[in-house]
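Here Swiss-Prot flags 49-71, 87-107, 114-134, 148-168, 175-195, 207-227, 260-280, 309-329, 343-363, 373-393, 407-427, 451-471 as transmembrane segment.
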Amino acid sequence: MASDQHRPKPRLSLRSSTTIRYGSMSSEHPDGDPSTPQTTSISQRRSYIAVAVLCYINLLNYMDRYTIAGVLLRIQKFFFISDSTSGLLQTVFICSFMFLAPVFGYLGDRYDRKLIMIVGLVMWIVTTLGSSFVRKSHFWVLVATRALVGTGEASYSTIAPTIIGDLFAGSKRTLMISFFYIFIPVGSGLGYIIGATVADATGDWRWALRVSPALGGLGLLLLVFLIPNPPRGASDNGGANMETTSYTEDIKYLLKNRSFVWSSLGVTAMAFVTGALAFWTPTFLSRAQVTQGLKQPCKEEPCDSVDSYIFGAITVVTGVVGVFLGTCISKKLRDRVPNADPLICAVGMLSSSPCFFIAIVLASTSIPATYTFIAIGETLLSLNWAILADILLYVVVPNRRATAEALQIMVCHLLGDAGSPYLIGAISDSLSKYNTTDPSWDFRRLEYSVLLCPFIGVLGGLFFLMTSLYIKEDRKAAELLTSGQTPQPEITTVSESV
């Protein structure tokens with residue numbers, strides 16, 4: 001029997017072929033059997049601890065991301081800035097996050113993933129803490145440091161899900177991924193609450209930006225000592241000892257993977273909606289209450305933070321409930337309905353859009369009704385978080401997952417939440433000139449701006465319906481390639497080729 005070092009290794013290739021759709025496993029092995037699977041000595045206990053640590057850091061990432069939104073009114077009064085300029089704070093963060101995600105995706109598929117995350121987390125802690133010392137005359141410093149914060153987060157967000165994917169397989173992977181993504185809404189909600197609480201307690205919004213870096217120091221220690229670096233594809237039949245391919249080949253593979261493309265477009269629409277609403281909802285609801293005469297407008301700090309508290313609590317609760325429901329529904333339907341996952345995502349997007357539309361329209365007359373429909377809409381939207389991550393992991397081969405995560409992040413932020421907060425603010429500012437005398441116009445112009453979000457949500461639902469048409473085929477192809485087999489070519493009929 002040949003020794004392992006002389007055994008030929010299968011290689012993923014994306015060179016053009018008339019028979020294979022998304023790539024091939026080429027091997028010189030005469031019978032086509034895959035190489036001996038890689039094994040990993042990582043215990044289940046250590047794997048669970050690793051997921052807990054990754055969840056904790058994910059929580060901190062999203063806490064920091066939405067702390068700014070929780071104290072936005074204070075920032076506007078502190079720097080005397082407009083809506084569009086305020087939206088720029090989120091846009092520059094997302095832009096740096098977006099453009100550097102492909103870089104870290106490339107590195108994550110080729111180099112030590114744990115080391116990359118450590119470097120990124122250190123950068124995030126330093127820049128986040130630095131942004132809290134900005135002075136009133138240096139708004140541009142806050143903008144610059146928020147951009148650098150995105151650099152640190154990009155390294156973590158592209159790599160952490162792939163490590164979970166290599167520690168677990170099957171339904172257990174789905175469960176672990178759902179735990180990881182539960183902390184997106186939980187962290188976001190806590191960002192509003194903790195940001196507003198710390199700002200109220202200290203009388204200075206800048207102290208709110210110092211909470212996440214302090215907790216991040218603990219996260220860094222946990223990352224260094226408790227996170228393993230499993231072999232890529234270790235949970236998927238050992239990964240069949242896949243060799244690294246070129247970045248160009250990886251991109252070609254992903255662009256030919258229709259489930260990945262359509263689901264990425266769906267994620268983009270979802271990012272547009274969540275990014276815009278998450279950033280502007282507390283400010284929007286505060287202006288709605290001023291219009292109804294329920295409270296006085298904020299002229300200078302400190303501003304009333306009650307809307308940040310309520311919206312933060314709603315985000316936490318609905319996020320946990322939505323992710324849990326989405327995961328349970330997926331596990332129950334997946335075996336019977338092969339395309340259940342994208343269908344659940346489509347239902348979540350299409351049903352949440354009317355809820356958000358009604359909530360926006362009712363804001364001028366009933367705040368309780370508005371909060372009710374926001375809660376329903378956020379629950380329906382949160383059905384998608386864990387499912388979307390699982391879709392990417394099972395339709396993409398292991399040695400291209402970090403690149404896939406990075407490419408999806410870049411696209412969804414480029415066309416989604418990188419521009420949506422700024423776009424909403426810019427539309428609101430552009431409408432201000434049409435009515436300069438009515439005090440309620442500050443609310444109305446923002447209301448008309450955020451009404452764009454439900455329509456983008458409907459578009460996202462249609463993208464997920466398209467994903468459902470191809471998910472079964474693409475998942476099977478990825479499973480075959482991962483196990484060292486070649487996907488069977490599709491039979492093309494005469495009518496299809498004409």
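Just so it is clear, glycine is given a Cβ too, placed from its N, Cα and C backbone atoms.
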Report the listed stretch (49-71, 260-280, 309-329, 373-393, 407-427) having the maximum count of Cβ pairs within less than 8 Å of the transmembrane segment (114-134). 49-71
Please work out which recorded stretch in 49-71, 260-280, 309-329, 373-393, 451-471 has the most C-beta pairs separated by under 8 angstroms from the transmembrane segment (407-427)? 260-280
For the transmembrane segment (373-393), distant same-chain residues with Cβ under 8 A (at least six beyond the ends): 161-162, 165, 173-174, 177-178, 180-182, 184-185, 259-260, 263, 266-267, 270, 273-274, 281, 311, 314-315, 317-319, 321-323, 325-327, 329-330, 341-342, 344-345, 347-349, 351-353, 355-356, 358-359, 362, 401, 404-405, 408, 457, 467, 471
Recorded stretch that, among 49-71, 87-107, 207-227, 260-280, 309-329, has the most CB pairs under 8 Å to the transmembrane segment (343-363): 260-280
Closest-packing stretch to the transmembrane segment (451-471), where packing means Cβ pairs under 8 Å, from 87-107, 207-227, 260-280, 309-329: 260-280
Range from 49-71, 87-107, 207-227, 260-280 with the greatest count of C-beta pairs under 8 A to the transmembrane segment (175-195): 49-71
Do any residues, 6 or more residues outside the transmembrane segment (207-227), come within under 8 Å Cβ-to-Cβ of it, and if so which ones? 46, 49-50, 53-54, 56-57, 60, 63-64, 67-68, 70-71, 114, 117-118, 121-122, 124-126, 128-129, 131-132, 163, 194-196, 198-199, 201
